[in-house]
């Protein structure tokens, strides 16, 4: 029964992951062609391309938990858990931060205020984005480092290769730190950035109603499409993050079976975010449509 359940779990996860792989691969393909053509990517394109790349790696890493129980655990024991959980955690948390920086970038580009700090930020946004992306990568890697030391298989367990997490003060403190730095802070950046865009668009729309200017309508529509895309990404993130948070609480109470929910949410986030990015980004949508039509 257990093996059948694990096989079904792997099939479902592989199906969801396959859709995500197709979506993320198409995004990477479009931006690879763009880079080859112009030799440069805009900051939002760079963030989206890296997000898709790490989404692909995250999806692959989250298939490992099912494979390790079925195949690898018998031969490699603890090391395979340490390896798979390290990379699963690292890739998934990095994608959350990259979504946050995508929201931040669009907020800086769309919102128009006369503050000196914001004006300087607009001028140096490419350098700032590069620093933020690199800083997020270093932060997530550093936070992933303690994870292998918290994993230990229970030798006398009645269900081998399943009961592996050490429950105690160290895990609780570590959980609080990663929740703050990889869940709440990215969400805070996403919400503040999106609220800034929405408030600006509402004010802009009010001004447009007072003195109708036909020239700015297409620009305004593009900004609204971006705002809707970012809100959809935030809702997807909140759903996945809440599921992971509840699962982590259950794990801290010693209920390890709930751990299967965490790989599912990461896979769903990878697939869902690729679909939202393709639909919400005009350039991506049109480019992918041309690619698919040329193959027909």
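The backbone N, Cα and C atoms fix where each Cβ goes, glycine too.
Straight from TrEMBL, the features:
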type: DOMAIN; residues: 23-281; note: domain 'G-protein coupled receptors family 1 profile'
type: TRANSMEM; residues: 12-34; note: transmembrane segment
type: TRANSMEM; residues: 46-67; note: transmembrane segment
type: TRANSMEM; residues: 87-107; note: transmembrane segment
type: TRANSMEM; residues: 127-151; note: transmembrane segment
type: TRANSMEM; residues: 171-201; note: transmembrane segment
type: TRANSMEM; residues: 226-249; note: transmembrane segment
type: TRANSMEM; residues: 261-282; note: transmembrane segment
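Here the listed stretches are 12-34, 127-151, 171-201, 261-282, and the one with the most C-beta pairs under 8 angstroms to the transmembrane segment (87-107) is 171-201.
Long-range Cβ contacts of the transmembrane segment (171-201) within its own chain (Cβ-Cβ under 8 Å, at least 6 residues beyond either end) map to 93, 96-97, 99-101, 103-104, 106-107, 110-112, 139-140, 143, 146-147, 150, 165, 220, 223-224, 226-227, 230-231, 233-234, 237-238, 241, 244-245, 248, 252.
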